[in-house]
Amino acid sequence: MGAAAFLPYIVVAMALVAAVQIGRRVALWRLGQSAKVDWLAGVKAMPKRYLVDVHHVVDRDKSASRMHVPVAGGLVLSGALLLLGLIPAVASSRLYWTIVTLAFAFMAVGVALVAQRRYPHALPRLSLGRYQRTPFYLAAFAGGGLLTSLLAALGDPLPFLSLLSLIVAAAGGLALAAQAATGPMRHALAGAAHLALHPRPERFDATLPKGRSTSLKPIDLDGDKLGREDPADFAWNRLLSFDACVQCGRCEAACPAFAAGQPLSPKHLIADLAAAGGGGYGSPYAGNPYPNARPTGSEIGLHHAVIGDGGIVHPDTIWSCTTCRACVEECPMMIEHVDSIIDLRRFQTLEMGAVPGKGADVLDNTRLADEPNGHPLSERTDFAGGLGLRTLAAGESTEVLLWLGQAAFDLRGQRTLRALIRLLNEAGVDFAVLGEAERDCGDLARRLGDEASFQQLAKANIEALASVGFERILTADPHALHSLRNEYSAFGGKFDVVHHTAFLNELVETGRLTTGHIAGHAITYHDPCYLGRYNGEFDAPRTLLDALGLERREMARSKRKSMCCGGGGGAPTTDIPGDNRIPDIRMGQVRETGAKTVAVACPQCTAMLEGVTGDRAEVKDIAELLLDAVEAGKSAKSRNKGMQRELELA
Amino acid sequence: MIANAEALLKPLTIKGMTIRNRVMSTSHAPSFGKDGKPQERYQLYHEEKAKGGIGLTMFGGSSSVSLDSPAAPWNQISVADDSVIPFFQQFSDRVHQHGAKLMIQLTHMGRRTKWDTENWFPVKSASVTREPASRSVSKELEQEEIDRIVRDFAQAARRAREGGLDGCEISAAHGHLVDQFWSQLSNHRTDKYGGSLENRMRFGIEVLTAMRESAGDDYIIGMRMSGDELLKGGLTAEDLIAIASEYASRGLVDFLNVVGGQARDHIAHAVSLPNMSFPVAPYLPIASAVKREVDIPIFHAQRVTDLATGARAVAEGHVDMIAMTRAHIADPHLIKKLTEGRADDIRQCVGYGYCIDRIYIGKDALCIQNAATGREATMPHVIEKADVKKRAVVVGGGVGGLEAARVLAERGHEVTLFEKTDKLGGQVLTAAKATWREALTGIPRWLVGQVQKLGVDIRLNTEADDAAIFALSPDIVIVATGGLPHLGEAMGSEHAISTWDVLEGKVEPSGTVLLYDEMGDHNAASTAEHLAKKGCLVELATHDRMIGEEIGGTNQPVHLRELYNLGVIQTPNMELIEIYPEGNRKIAALRNVMTHQEEERVVDYVVVDYGTHPVDQLHFALKEKSKNAGFVDNDAIVAGKPQPYETNGSGQRDGFTLYRVGDVLAGRNIHAAIYDALRLCKDL
């Protein structure tokens with residue numbers, strides 16, 4: 001057997017080294033805040049979460065899934081097989097070594113694929129440094145192991161070569177194990193643990209509506225410290241989640257703020273949060289720097305502020321986020337970047353009062369006037385003068401309660417709402433509004449970290465909604481939809497909330513609205529983040545558009561991968577400067593389709609995309625397009641009738 | 001987007017009735033009444049504004065409550081009997097379906113009308129006086145007559161209510177009976193209706209009290225009044241604020257519609273209906289002063305031509321509703337365009353005064369630049385797309401050609417526009433060079449903006465010939481090559497220069513100038529002002545009985561005021577018969593058209609205006625090759641139907657149809673050119 005006999009001991013050594021390393025991280029995680037975790041259910045669900053949920057995401061990049069299956073599978077398989085080799089009877093079987101050889105060969109194929117992603121040129125989103133060196137360790141272990149076990153399978157004809165390859169395998173394997181806590185391999189165990197002990201286990205339950213797992217969790221406003229300041233403020237399984245990051249950079253590639261040159265990369269931020277806890281992870285970050293990186297401190301420690309006071313993250317980084325969830329959607333490790341960003345913002349806002357730009361103004365307005373721009377609530381229905389909009393008094397009822405949202409105060413938003421109201425009237429829908437009793441839904445305040453204002457607004461709105469009768473809430477604002485549908489439930493407000501695209505689609509499908517065709521030019525549809533990624537609604541708007549006879553072209557980034565307009569998360573108010581503007585980039589993607597109109601379904605998207613200067617596609621809400629089609633249908637009908645009459649007269 | 005738009009778009013609630021926004025049109029007299037009733041034309045005219053998003057449209061300026069206040073001279077509305085009620089009902093349904101509110105103005109005109117019309121009653125007033133504007137001497141009202149007129153007002157208010165109108169106002173402005181009682185210029189009575197202000201206010205109080213009793217306390221009744229008559233001996237701002245406060249505090253009125261000025265004679269009339277020589281919103285401070293003193297909503301009109309000015313007036317709290325009456329004549333879809341984010345598409349009133357000037361000479365109100373206004377039954381404000389896309393060539397970038405290009409492009413056709421010069425706008429640009437007439441440029445500015453937006457292929461500095469036109473293989477060719485000034489028939493006319501030469505700066509006269517005018521329109525008068533301002537000593541002679549005889553009532557007094565102020569000598573009733581040079585100067589021979597006596601002038605320049613003659617060479621070059629020999633089918637165009645050459649068998653033939661619009665046919669005016677183009681092209 002010769003040298004190969006030592007291979008199992010190498011694996012044991014690797015396991016021991018890795019265990020010591022990981023133990024240091026575990027010890028660190030344990031210093032995080034307590035969290036309610038159902039260990040048993042989590043561990044039970046882990047294989048499914050790995051094989052289904054993780055695989056779904058990984059497989060969106062075929063080169064990654066093709067690489068990961070052999071390299072990880074080969075490593076686990078060969079390691080497990082080698083542990084069997086501790087049994088002398090097994091270790092003396094040439095057949096056994098043949099099998100081990102095959103396992104290493106499988107892994108070696110994977111290693112080749114790993115190397116292909118990094119050499120001669122690494123994919124731009126990947127981190128370099130240790131990550132760039134890892135393929136060598138993997139290659140050493142796989143190659144060394146392969147040769148050693150192959151020679152053993154052949155009856156050890158070249159003992160010196162066996163010894164040499166054993167040394168190579170040992171070097172590679174131990175190198176991997178040695179950085180199990182600080183290097184790329186950390187993702188393996190932390191990732192597995194993260195899957196089992198995930199802070200949002202509901203995201204793995206396919207039977208739950210998407211919005212259930214995308215809602216922000218309330219915090220106790222009576223707590224000693226509001227929001228998260230230093231690493232130790234995070235729950236222990238959040239600290240664990242930071243360690244799960246494999247720095248694949250998919251989040252960064254999807255991040256609109258990164259694309260616009262704002263100082264945010266979700267990958268970098270997660271790496272920073274992992275590093276901020278200390279424990280030997282302060283080594284240089286080898287991914288792309290934050291675009292236009294602001295100067296920061298370098299002080300780390302579990303009890304040292306992450307932001308400010310010498311901390312390693314600049315506040316502009318967290319305020320650049322639009323909360324679009326593209327990063328979360330893309331993360332193969334199921335990390336929840338947005339949760340952490342909001343946690344950090346909550347501390348900045350509630351404890352430091354450090355909201356940048358116009359953010360402070362909108363929060364002041366929200367606190368004082370229940371409305372981010374300080375408009376009197378009584379003016380919310382001003383735009384609907386002459387439309388016969390019914391306002392519900394306490395005790396009155398309607399079938400559909402129309403939630404107007406902030407769009408009611410904005411000339412552009414009013415156009416959409418007027419179109420919607422006219423469609424509802426046309427279809428004979430029994431609907432009404434809350435009028436002055438409708439306060440802001442609180443989305444903006446909450447995303448800016450002002451949890452207190454959000455909770456206050458949520459409670460007041462829930463009370464107002466409880467005072468009237470309705471079956472469903474209808475809104476044209478996906479942000480309001482998300483708050484009312486998913487985030488008010490934490491305060492006892494459980495409502496059936498429908499977005500206007502879905503509702504109008506119902507009206508068309510049930511024949512309550514008859515549409516004509518407004519064919520003639522191509523359109524493309526921009527998915528609002530809070531409707532699509534947050535609430536999983538991708539189909540209704542498209543079905544509706546197709547019913548209008550329009551040629552629908554998809555942007556390269558659409559549906560789940562849609563790119564944010566830049567309007568979420570209060571980003572337009574904090575207005576962190578970058579190289580260009582997110583909506584300009586998005587409009588460029590619209591332009592690539594050649595569509596003359598971009599259909600939207602969110603007042604925020606409308607405002608952002610319409611703010612793009614120069615030659616650009618026309619921005620129209622789906623309600624406006626539908627109204628055009630309904631009116632085109634009517635005038636075609638009256639023309640036909642006119643012709644009919646003339647024929648009869650003739 | 002304009003600043004303060006939200007202030008304009010905020011609903012206003014008066015006595016429980018909500019007006020959807022703060023933009024309105026005041027009652028005026030477009031002369032659309034028929035048999036004393038607001039019939040289809042009148043209703044469609046206001047319905048268009050309702051469609052266009054207006055909050056409140058008020059109609060029936062000076063609608064008469066009594067038989068001795070005739071409606072006929074204005075083709076206006078008589079509310080003196082119940083037969084008008086069904087028309088009101090039809091009218092209010094028509095406007096309400098678009099979400100707007102509808103109100104009427106009720107009045108007794110007192111002495112401000114004619115006795116030689118309709119029922120041939122003498123005109124009545126507080127006292128025996130004569131108003132220069134109406135030229136009528138009044139009979140003094142006796143108590144029985146006062147009581148009857150008060151009852152007439154009350155009945156009229158009831159009729160307004162029964163007709164479904166959302167409210168009414170009485171007119172106590174511009175010298176109507178109620179304010180004839182207020183003013184000591186027209187009220188010399190010694191009874192309880194005369195003397196002290198308290199007594200002079202009595203008649204109006206009785207009128208409003210009776211109206212309230214008959215129409216119900218919940219019915220909206222307002223009053224149109226001046227906030228300062230701007231007249232020597234007239235009612236002052238203090239008087240009028242006292243009256244406003246008294247009427248408002250008694251709860252007699254629910255709103256006040258405040259104007260500045262009085263209109264008793266020609267210049268006062270021009271001042272009350274400010275034309276383009278006035279700044280925008282000149283009397284807003286007068287309304288604002290009333291607003292400060294009373295607690296009821298204040299409405300105000302008078303040359304508020306753009307939404308930004310209106311929005312400022314409301315946002316700053318000067319008024320509660322801003323009336324943009326003439327602005328809606330130019331573009332009835334103001335609010336719709338604002339709310340649709342198309343404020344740039346608004347056709348802005350330039351203050352030409354064409355609409356109002358026409359009604360004082362017995363014609364219907366039409367807009368100088370929007371030929372669809374007042375013709376809603378036949379002319380569209382929104383052009384429908386054609387079923388078949390055609391290629392069209394328009395030659396000439398004056399307003400007629402621009403309107404043709406605009407309408408054809410709106411129809412969906414592929415349009416090429418040729419313009420010989422480097423600018424679009426044609427003759428209007430020349431006219432706009434004369435002093436206060438510069439706002440005329442607004443007319444082509446809008447048209448140019450529209451044709452650019454619609455993607456018309458505009459070829460400046462390009463004179464179209466048949467080769468260039470045929471190269472485009474057009475289906476339609478519109479020749480809008482306009483006209484050029486004619487120097488007239490006098491002997492030696494080659495020694496004259498035209499008003500165009502002066503305005504375009506081709507000749508810069510100095511010294512003495514004889515300006516001879518055969519047209520009686522703005523051209524000569526404004527050129528005379530232009531020359532006088534440059535330091536020339538100008539004599540303006542004309543064949544007519546007076547200077548600017550063709551110029552309308554709100555514009556002519558402004559010209560005359562300017563001419564007097566500038567020392568221009570006005571010589572009517574003269575014909576230019578000969579010009580000949582003498583040394584460096586010119587001798588102009590004039591003949592008095594009444595006496596045939598001849599006179600001579602020695603001047604440095606003779607400038608003439610004989611109008612334009614067509615520039616039609618291109619038309620005749622194309623005529624034989626066209627399918628229709630270049631003619632418009634008159635029957636079809638009058639009936640508002642498509643041209644037969646476009647639809648019948650000949651339309652299938654190869655080749656093109658050829659049409660002319662504007663002064664290439666014969667020199668007329670801006671409206672004629674635009675109407676030519678609109679009514680033809682809407683069906684092409």
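A Cβ is built for glycine as well, from the same backbone N, Cα and C atoms used for every other residue.
The annotation domain '4Fe-4S ferredoxin-type' is assigned in TrEMBL to A:236-266 (among others). Per DSSP, the domain '4Fe-4S ferredoxin-type' (A:236-266) is made up of 18 helix, 0 strand, 13 coil.
Taken from TrEMBL, the feature domain '4Fe-4S ferredoxin-type' covers A:311-340 (among others). Averaged over the domain '4Fe-4S ferredoxin-type' (A:311-340), the predicted model has a pLDDT of 96.
The region 'Disordered' annotation in TrEMBL covers A:561-581. If one looks beyond the region 'Disordered' (A:561-581) by at least 6 residues along the same chain, the residues whose Cβ comes under 8 Å of a Cβ in the stretch are 254, 256-257, 259-263, 291-292, 316, 319-324, 326, 329-330, 355-359, 361-362, 444, 447-448, 479, 526-530, 532-533, 555, 589, 602, 604-605, 607-609, 612.
Per TrEMBL, transmembrane segment is recorded for A:6-23 (among others). Sequence-distant neighbours of the transmembrane segment (A:6-23) (same chain, 6+ residues past either end, Cβ-Cβ under 8 Å): 79, 82-86, 91, 100, 145, 148-149, 166, 169-170, 173-174, 176-182, 185-186, 189-190.
If you look at the transmembrane segment (A:69-89), the same-chain residues 6 or more away from its ends with a CB under 8 A from one of its CBs are 4-5, 7-12, 14-15, 96, 99-100, 103-111, 113-114, 138, 141-142, 145, 188. Among the features that TrEMBL reports, transmembrane segment is placed at A:69-89 (among others).
Counting same-chain residues at least six beyond the ends of the transmembrane segment (A:95-115), those with a Cβ under 8 angstroms from any Cβ of the stretch are 4, 7, 63, 66-75, 77-78, 81-82, 84-85, 134-135, 138-139, 141-143, 145-146, 149-150, 152-153. Sequence annotations record features per position, and here TrEMBL assigns transmembrane segment to A:95-115 (among others).
Below 8 angstroms of C-beta separation, residues 1-5, 7, 71, 74-75, 78, 82, 94-95, 97-98, 100-101, 104-105, 107-108, 110-111, 114-115, 161-162, 165-173, 175-176 of the same chain, each at least six residues beyond the ends of the transmembrane segment (A:136-154), sit close to that stretch. Annotation comment: TrEMBL describes A:136-154 (among others) as transmembrane segment.
Remark: secondary structure over the domain '4Fe-4S ferredoxin-type' (A:311-340) totals 14 helix, 1 strand, 15 coil, with classes taken from DSSP.
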